[in-house]
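Participant: Quick one: the structure is below, and I'll ask about it shortly.
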Amino acid sequence: MQAKKRYILVFVSCAFLAYAYFGGYRLKVSPLRPRRAQHESAKDGGVQPHEQLPSFLGAHDMQELQLLQSNQSKSLDSSKHLVTRKPDCRMETCFDFTRCYDRFLVYIYPPEPLNSLGAAPPTSANYQKILTAIQESRYYTSDPTAACLFVLGIDTLDRDSLSEDYVRNVPSRLARLPYWNNGRNHIIFNLYSGTWPDYAENSLGFDAGEAILAKASMGVLQLRHGFDVSIPLFHKQFPLRAGATGTVQSNNFPANKKYLLAFKGKRYVHGIGSETRNSLFHLHNGRDMVLVTTCRHGKSWRELQDNRCDEDNREYDRYDYETLLQNSTFCLVPRGRRLGSFRFLEALQAGCIPVLLSNAWVLPFESKIDWKQAAIWADERLLLQVPDIVRSIPAERIFALRQQTQVLWERYFGSIEKIVFTTFEIIRERLPDYPVRSSLVWNSSPGALLTLPTFADSSRYMPFLLNSMGAEPRHNYTAVIYVQIGAALGPNAALYKLVRTITKSQFVERILVLWAADRPLPLKKRWPPTSHIPLHVISLGGSTRSQGAGPTSQTTEGRPSISQRFLPYDEIQTDAVLSLDEDAILNTDELDFAYTVWRDFPERIVGYPARAHFWDDSKNAWGYTSKWTNYYSIVLTGAAFYHRYYNYLYTNWLSLLLLKTVQQSSNCEDILMNLLVSHVTRKPPIKVTQRKGYKDRETGRSPWNDPDHFIQRQSCLNTFAAVFGYMPLIRSNLRMDPMLYRDPVSNLRKKYRQIELVGS
């Protein structure tokens, strides 16, 4: 009995000590914790709530988070009565992928009918440019059942209720749209949201629901990552297409220009956005740092001006804005009333490296573009550190940053069309079955818009990425002969001689003959023997066939078009394509030499017949000439090498208006191919040797003998330039010849001896 009491006493004592230790410790670490919270924690296994867990954020990160949360709470308080979108949208929850399985097409709602007063809802110039860019592109469809994306016919760019472009009654207009479905698969473009005095970022004045927002001045707490798209802010005069190219003409040493850092703009003596700009005078020294502001804007600036306004205005008038842009190494891009600024795009175009002073701003297309390669970040709260930041950047990085500003401007930001198409491609890459381009493709020239991932599984097959990836084009070439006249095939015929010459080349892999002539295909026995070289003959739609025609022949359907010579035929398996007219008179050495030159420049057109373009002041139009001058900008594809990717791009990327122009004229396809390649590479073609003529004059009738043929080509050139929005062709005076070409040495020392026998 005594032993039993002792055991009970020991057990009770241990239980009391355990309760005193563990219970007292929990009361000590959370003395103010509510009983209900303690009970819930006990049910969860004693896990502490996240508010009481230790933070691993640094002091700087904690300050940044507090600043963002305070700004967000102010914005929400100012517009808490507005529900502008579904906040938790993702592509998986707010987007119908089944609409996009076949093709990525965009439908635009038709304009609203006139109201009782005979007036239509207003549409701003910029929104009309967006609609025009889509309607004239390959994305557009007039069939809503085939569309993947829907674009509103209602102008939503400016949602500032004080603006003249503000469209009223948007909620009721959205309710009348037949395919609205709470915004699913819709995209809404917006540049300005909110109004004076708080300019709330999420104040659109309507519920966007599940629609994707393509919006300027987006903050990190407002952006639905992986769903919305941040776009740049652009002004009312921004061009629809192409527009001005980057203004950096050279990237020479020294890297620093006259001014190290510059800014010229207005400051706000009251209201949001005034804190940073009102302090910029501390950085201005008038020597290498020029940061000037003015108070002269708005209706009540005189009543609200502060003591510095007069001095700031005098200093402001001393400097020209364009001069500062062109002569500054860095350009400050502070936030204004909203996070974004026009100066961002202006600095990119001028090659003035942007120094961003806008905390929490999500940069345009940030999910794809690596902005560390083109911009510098600064902190609004650490304004006085900006001079030290820009002075610490080495010259080699300044070179790289400046170069990247030009790449991004020309490929993504130079026009409204490029901004809209980039937005579409970002959304397109979110689709489950569409291949995703690498960061290298997005952040190097020519950019993602001109790199179609459906062409090949790997980027190494793109001609302009071979050097950066340390790769070489695949060996050998495919000769493609376009037959338009179809003269009788015999040993003395130009086509017969051409096929025989090609078979002697050491680099040819296959010969493809495109028969577009009205005459029937020659019999198989009339073609020259090609030994081990496969010969394929394709009869283009509309031409006739004879029994047993062609060595390996097939027929396409429909009316033949001259653009069919640039179709991506399955028979073309090599990277190099040798494009030839049926009456070309080149020898084997000329073919081999041109191919070896092309292997060093696989992104360009390399060939023999050269032409030039020029600006005709008397006609205020572009001119085209075949005269022998000291420069050229076109190498005709009647005797030239190029990469097969350009066939794919020509067929699947070019505007349908351009292809229609070629088809209607049955001419100019070679000029269009030159414009395309120059647009992609921003480089001229390459002419080899001094050969001028390349056609057999005994062939007979030829479209080149038609006097209207030349006039037609000038008209085509101007049409192409108008559709591109600028003139892509680039002049060159470079010509490549073989080693010892025309030198007074023995012919036995020369590799390409037949070239020596060719006259001019």
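Using N, Cα and C of the backbone, Cβ positions are placed for all residues, glycine too.
What Swiss-Prot records for this protein is below:
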type	residues	note
TOPO_DOM	1-6	topological domain 'Cytoplasmic'
TRANSMEM	7-25	transmembrane segment
TOPO_DOM	26-760	topological domain 'Lumenal'
BINDING	Arg437, Arg565, Asp581, Glu582, Asp583, Glu669, Asp670, Arg713	UDP-N-acetyl-alpha-D-glucosamine binding site
REGION	540-560	region 'Disordered'
BINDING	Asp583	Mn(2+) binding site
DISULFID	Cys668-Cys716	disulfide bond
ACT_SITE	Asp670	active site
Participant: Sort Arg565 (UDP-N-acetyl-alpha-D-glucosamine binding site) into helix, strand or coil using the DSSP assignment.
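Facilitator: It is helical.
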Participant: Who sits close to Arg713 (UDP-N-acetyl-alpha-D-glucosamine binding site): which same-chain residues at least 6 apart have their Cβ under 8 Å from its Cβ?
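Facilitator: The list for Arg713 (UDP-N-acetyl-alpha-D-glucosamine binding site) reads Tyr624, Asn667, Cys668, Ile671, given in order along the sequence.
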Participant: What is the separation, in Å, between the Cα atoms of Arg437 (UDP-N-acetyl-alpha-D-glucosamine binding site) and Cys716 (disulfide bond)?
Facilitator: 34
Participant: State the Cα to Cα distance, in Å, between Glu669 (UDP-N-acetyl-alpha-D-glucosamine binding site) and Cys716 (disulfide bond), rounded to an integer.
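Facilitator: With distance taken Cα to Cα, Cys716 (disulfide bond) is 9 Å from Glu669 (UDP-N-acetyl-alpha-D-glucosamine binding site).
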Participant: What's the CA-CA gap between Cys716 (disulfide bond) and Asp670 (UDP-N-acetyl-alpha-D-glucosamine binding site) in angstrom, rounded?
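Facilitator: With distance taken Cα to Cα, Asp670 (UDP-N-acetyl-alpha-D-glucosamine binding site) is 11 Å from Cys716 (disulfide bond).
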Participant: For the UDP-N-acetyl-alpha-D-glucosamine site as recorded (Arg437, Arg565, Asp581, Glu582, Asp583, Glu669, Asp670, Arg713), determine the largest distance between any two Cα atoms, in Å, rounded to the nearest integer.
Facilitator: 41
Participant: Counting other Cβ atoms within 10 Å, pick out the least crowded of the binding-site residues Arg437, Arg565.
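Facilitator: Candidates: the binding-site residues Arg437, Arg565. Fewest Cβ atoms within 10 Å: Arg437.
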Participant: Same-chain residues six or more away whose CB lies under 8 A from the CB of Asp670 (UDP-N-acetyl-alpha-D-glucosamine binding site)?
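Facilitator: Expected: Ile634, Leu636, Thr637, Gly638.
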Participant: If H, G and I count as helix, E and B as strand, and all else as coil, what does DSSP give for Asp581 (UDP-N-acetyl-alpha-D-glucosamine binding site)?
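Facilitator: Reduced to three states, the DSSP call for Asp581 (UDP-N-acetyl-alpha-D-glucosamine binding site) is strand.
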Participant: Please work out the number of neighbouring Cβ atoms within 10 Å of the Cβ of Glu582 (UDP-N-acetyl-alpha-D-glucosamine binding site), leaving out its own Cβ.
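Facilitator: Looking across every protein chain shown, the total is 26.
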Participant: Around Glu669 (UDP-N-acetyl-alpha-D-glucosamine binding site), how many other CB atoms lie within 10 A of its CB?
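Facilitator: The Cβ of Glu669 (UDP-N-acetyl-alpha-D-glucosamine binding site) has 24 Cβ neighbours within 10 Å.
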